[in-house]
Amino acid sequence: MAAPKPTPRFISKERGKITALPLYCDGFVLKKHTGEKDFKRYFAELRGSTIFLYSDEENAMYTEKLELQNLKLLDPGNLKRKYISADFTLTLLKKEVRLKIENPDAGEEWKGFILTVAKLEIPSRLQLLPGQLLRLKEVLKEEKERQARQLVPVKEQEPPEAYDDVITNVPQCFYAVSRNKAIEMLVESPEFGNMILRPGSEKMNFAVTVRQLLTDGPTIKHYKVMRVENGFSIALDTPVTVCSLCDVAGHFVKESNGYLRPYIQPHTYATIIDQPVVLNGGKDQQKRQIPQAVVSPMIQTPTPPTQSSANEYIEVDYINGDELDKINHLNLKDDYPPIRNVPVPDSGFSEELLKALKKRRSTIY
């Protein structure tokens, strides 16, 4: 699954972190240096008193910057409303840069912003709307305050003794990883970029790891960046010295015409708060009581009485007539007949036999 493209708001925020300057104006411009034949299209941002040029609108790392504090002259050239585009030349300290803006109204506005931050005054010969002039006044006030803060002397610090003290202003593509880890990151997520700035094998130095797709296939290269007195030196056939680590990354982007892109991982945020699961461990953990199984009592069916066989003969005690007369004779003085216990049959007698005995008894008495 491809990673989501960064939003314009995210890109603008990353550019603000890299440059550490306020944004005043932005838009597409065409640029070429003196001696170059064709214009190149860039997305430009005016931050502070510097114009930062980006290879496209989605790139967070600039390819070139123009310091307007070194501006000597702004030649309006063909900046007229009747023309299709605005074209003017910036004469800086060591170079001349020609800018062309397709919309003449936007070109007039760019000219106003450039002169305001470079000279710290609003130019009088401008064809701008009242709202645009009000915006220039706000920019002028903010830029004066910003430059005044820069003039405050900074207390000199002791030379750094640890490697971490060197990393004070690094680009977003810097990661404190090893060489192998940097290669792994570039291979696994090429959509984030193809260039990583990382610590070098020697203390106080850095390295740049890039991954390029050539005709023979993907190629990994490593470049050494050494810390020198005036900044950082890139160890090439012709060494290049720049002021900061951000300029190191910008040099690689510029020399590759935007092919090398800084490796920047997007910041993702969670959108759901999970409920924690509390586990009581150790001595405080309560023992889980196992419920006892409910067992129904066993119901035993009573043993039915033994049925007598139909052919089985059961002997019963009978009283003869002579014995009965003798008993009656002995009890003549009583008004009631003598009571004689009826013999209880065995448990094996049937119900029919008991009925027969009761009937016989009633007949006798």
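Backbone N, Cα and C atoms are what each Cβ position is placed from, and that goes for glycine too.
TrEMBL does not curate its annotations; it predicts them automatically.
Pulled from TrEMBL:
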- 22-119: domain 'PH' (DOMAIN)
- 162-277: domain 'SH2' (DOMAIN)
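Averaged across the domain 'SH2' (162-277), the predicted model reaches a pLDDT of 85.
Applying DSSP to the domain 'PH' (22-119) sorts its residues as follows: 19 helix, 43 strand, 36 coil. The DSSP breakdown of the domain 'SH2' (162-277) into helical (H, G, I), extended (E, B) and coil residues amounts to 27 helix, 35 strand, 54 coil.
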